[in-house]
Structures are given as C-alpha cells and as structure tokens.
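**Student:** What follows is a single structure, and I will ask about it in a moment.
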Amino acid sequence: MSESPHDHAGDPVRLSAWVHGHVQGVGFRWWTRSRALESGLTGYARNAPDGRVHVIAEGPRERCERLLELLRSGTTPGRVSLVVESWEPARGDLTGFEER
C-alpha cells in the first residue's frame, strides 16, 4: 500500500484490486457486491477476459481495507490465489456497487 502525507483516515480512497484464481462463474462478483454494500462502499466487480475479477471500491480507507481483507480471507466463493491492489484518491464518480 502506498500512502502519502495527504492520506487521512477520513478521506475517501479508491481501491483497485485484481483478483486471481478460480473466481469467475462461482458467485464471486455477487459475494463481493454484498460485502461492499454491507460496508457502505461504492464501485463494481467486473470479470476480465483472462479469468481475473477487477474490483473497484471507493469509500473510507478503513472500509476498503476491510473489503481487501475479505477478498484475501479464503471465505470467498471459488478460490482466490492472489490479490494485487493499488490505491488512489477517490474520484467520486461511482454510485452503488455493481456486478459488471
């Protein structure tokens, strides 16, 4: 995780997480959407042509970090082998949380 002096606990952030493994066709995007909505996050989970799922989530850093922990928890549908994350300031261009 990269942090800058401008990161503050209450400032919204944007999490981009590429989820590798057996994560398509197993209810993974639905599960991710449910966890994100429970946390009050906005964003989406989208299947990639190469078999990964791309998760974008915006909200308070603590809530995004919790979603990231859940993605890595081993309790997801399917089988997650790797999650590659990146962080940036929230763009504020998302509403709700969608499966795409």
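Yeah, the Cβs are placed from backbone N, Cα and C, and that goes for glycine too.
The active site annotation in Swiss-Prot covers Arg29, Asn47. What Swiss-Prot records for 14-100 is domain 'Acylphosphatase-like', and it gives sequence analysis as the kind of evidence.
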**Student:** Cα-Cα, whole number of Å: Asn47 (active site) versus Arg29 (active site)?
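**Tutor:** Just about 8 Å between their Cα atoms.
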**Student:** So how many of the residues in the domain 'Acylphosphatase-like' (14-100) end up helix, strand or coil by DSSP?
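**Tutor:** Once the DSSP states are binned, the domain 'Acylphosphatase-like' (14-100) shows 22 helix, 37 strand, 28 coil.
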**Student:** Taking the Cβ of Arg29 (active site) as reference, which residues of that chain separated by at least 6 in sequence fall under 8 Å from it?
**Tutor:** Ala45, Arg46, Asn47, Val53, Glu99, Arg100
**Student:** What mean pLDDT does the predicted model reach across the domain 'Acylphosphatase-like' (14-100)?
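**Tutor:** Looking only at the domain 'Acylphosphatase-like' (14-100), pLDDT averages out to 98.
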**Student:** Around the Cβ of Asn47 (active site), how many other Cβ atoms lie within 10 Å? Please give the count over every shown protein chain.
**Tutor:** 16
